[in-house]
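Enquirer: Per Swiss-Prot, region 'Disordered' is recorded for 1-22, 799-827. Marked as compositional bias 'Low complexity' by Swiss-Prot: 9-21. The domain 'Lon N-terminal' feature in Swiss-Prot is assigned to 33-227. Taken from Swiss-Prot, the feature ATP binding site covers 379, 380, 381, 382, 383, 384, 385, 386. If you look up Swiss-Prot, you'll see 615-796 marked as domain 'Lon proteolytic', on the strength of sequence analysis. As annotated by Swiss-Prot, active site applies to 702, 745, with the evidence given as sequence analysis.
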């Protein structure tokens, strides 16, 4: 949308036209004027100004003014960026104007021409909508009896204006004639002030100067300053032209000197550097098209003086060409068993990724020219995604480079800047290839889901070429401007979530999902990796400290509750520091860290099972939720009070979750008699559903069965079993539909000490991905209808509930055999 602003710059090539002053009498100016805010310009009486308008308030103003043939007030804004200016945003002095021409340029854009008539002062704003109106006082020029001084000031003004015009050859000769033709001194001062290139504040000061003599003196100061600036500018311009002539002469002499040195066989340091560069280019193994470009640039470099800035630009470019690994490839370690041992040594679990790397090495062993895979590891923080890249590089015998993409918002970070820009460099991918020194490194693209985008472009769109196996063999960097082959690179991207990654970019990567660890896995990771690492970092040895299995269990259950192991490593580091203090103080005997010693060092337990406490009253149910950091418990609290049938929802809920609550209430009303609830329970009762942790946004359909269970518990007075958690979408007919994130939710239930988990029947297949420990220690109840849910979840099933739970208490549900591509339903 266009703004109300003057067409052209403040100092245009032709002085703004001025109409004769005194076109309106003071008595003819209304006491209340519609106000048109003006940006980046000051409008003077007698001036004729073209304007482009687009703000809705201004469009309404000009339509009314044209229809009623009334004058308007034009007032300059103090800050041009203000979209809806008020009294504080406008200057107090403006110009009465008449609209002399109006053209519609588009649907919401108009062009008009206004003529300045007289000055006015704003007394107060009396209207803000549909546009501004103000009560005003007309202002006339204050003239003194000293006409001789005013006449002298006018002569000086014209003289100074002629000098300024002569210093600006781009102005037409008519500019001088226009200035000479004006006889009215106030009109002359306003004309010059309107056209001289000075800040808006200084122009406004001229407009607000009512005393004619003071105004003319002020304009004289502005003109005099402008004249001095123009003189200095012309002087600098002449000096630059002279310097250019001098540079051209020096270049000619240098070329002659170079020819003389060649004849005498006296090559200088510059020539030796160029010969060395040429030799490096020959050894770089450049492709034919790149070699052609490099030789052309090298020949041009030989003709440029070393002191020239262009010499540095060309030399830097050729250095980049020579240093890139165009043909250097590191040999893959194709020993499958060695790679398996290396991966198992560095990382516990994550079998999917290890399996995929071993598959790649096996195929690479059979087919030598295979392209590098493009993997994307998706999972919560702390599960080992980033560190896995280094392990993959060790296992394959390749170089490792890492690119952190989190917060990158500039497309030039990926493709580089063109060489025309000062300080231009290649993008991060080319820089990383130079750092790796080989054509086939393992390149870790860390936090690819946290790429940004702004006015400088979208980096995720630039990555489409990099991560496309059909295109990245001719990747084009803006700085190099020649194709570079990235097809041999093994890309390993990491992300916490898939949703922020654009669909086309996600489609180019092979997604491998990593989930959280069980307690047993965390203890194994701590014993094998974390404890030895922290002992080494704190200068300790196994002779100083022995952390028992009991202590590790306490750490994983009472002091950390996360999908990964970062906080677990921090707590182990806390214990090591406490022991280090004692060892440094002279204590020599070996210290055994058990559960009591952990509590002594770390203080009170941070986590404990609160499910039983939360669900000890009717109306509270335990649900399961998926988050970017893994799964988590989601408590739902319901209460009732006297009212008129309303339902309040709190906890920062999204639209889908609100609709789930509405559907659950409708289902309960339709089944009230069957469940032993009064059919008219809403007539004198209000319901309130609350989802604790109100600062965290929540959404999704998977809380449907939990909401319905909590409401049923509240209205029947039957408590929900405290050892039971559930997830699933409930329909208006009571059917239970499948949801996603089952593995993460089940692991969250296991971490929290839940014993029974209610799942949709169609999610039975998703338990294949759940670790054996969690699967063996939990009882799974598969349901297809809400009757099954209520019978399994409530301590005493309500009267009239039909159906049976989908599983048998005390038995693990039978699991399907793994399939190559089993469909997975996600909420």
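Placement of Cβ uses the backbone N, Cα and C atoms for every residue, glycine included.
Just so it is clear, the model here is predicted, and its values are computed rather than measured.
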Enquirer: Determine the most Cβ-crowded residue among the binding-site residues 382, 384, using a 10 Å radius around each Cβ and all protein chains in the structure.
Expert: 384
Enquirer: Long-range same-chain neighbours of residue 386 (ATP binding site), Cβ under 8 Å, sequence gap at least 6?
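Expert: Expected: 402, 444, 446, 494.
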Enquirer: Out of 385, 745, which has the highest number of nearby Cβ atoms, where nearby means within 10 Å of its Cβ, if these are the recorded positions?
Expert: 745
Enquirer: Which one of these binding-site residues has the most other Cβ atoms within 10 Å of its own Cβ: 379, 380, 381?
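Expert: Of the binding-site residues 379, 380, 381, the highest Cβ count within 10 Å belongs to 379.
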Enquirer: Rounded to an integer, what is the Cα-Cα distance in Å between residue 702 (active site) and residue 379 (ATP binding site)?
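Expert: Counting only the Cα atoms, the answer is 20 Å.
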Enquirer: Please report how many Å separate the Cα atom of residue 745 (active site) from that of residue 380 (ATP binding site), as a whole number.
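Expert: Answer for this pair: 13 Å between alpha carbons.
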Enquirer: Around residue 383 (ATP binding site), which residues of its chain at least 6 apart sit with Cβ under 8 Å of its Cβ?
Expert: 350, 514, 515, 516, 517, 563, 564, 565
Enquirer: How many other Cβ atoms are found within 10 Å of the Cβ atom of residue 702 (active site), counting all protein chains shown?
Expert: 30
Enquirer: Can you check what DSSP calls residue 380 (ATP binding site), collapsed to helix, strand or coil?
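Expert: It is coil.
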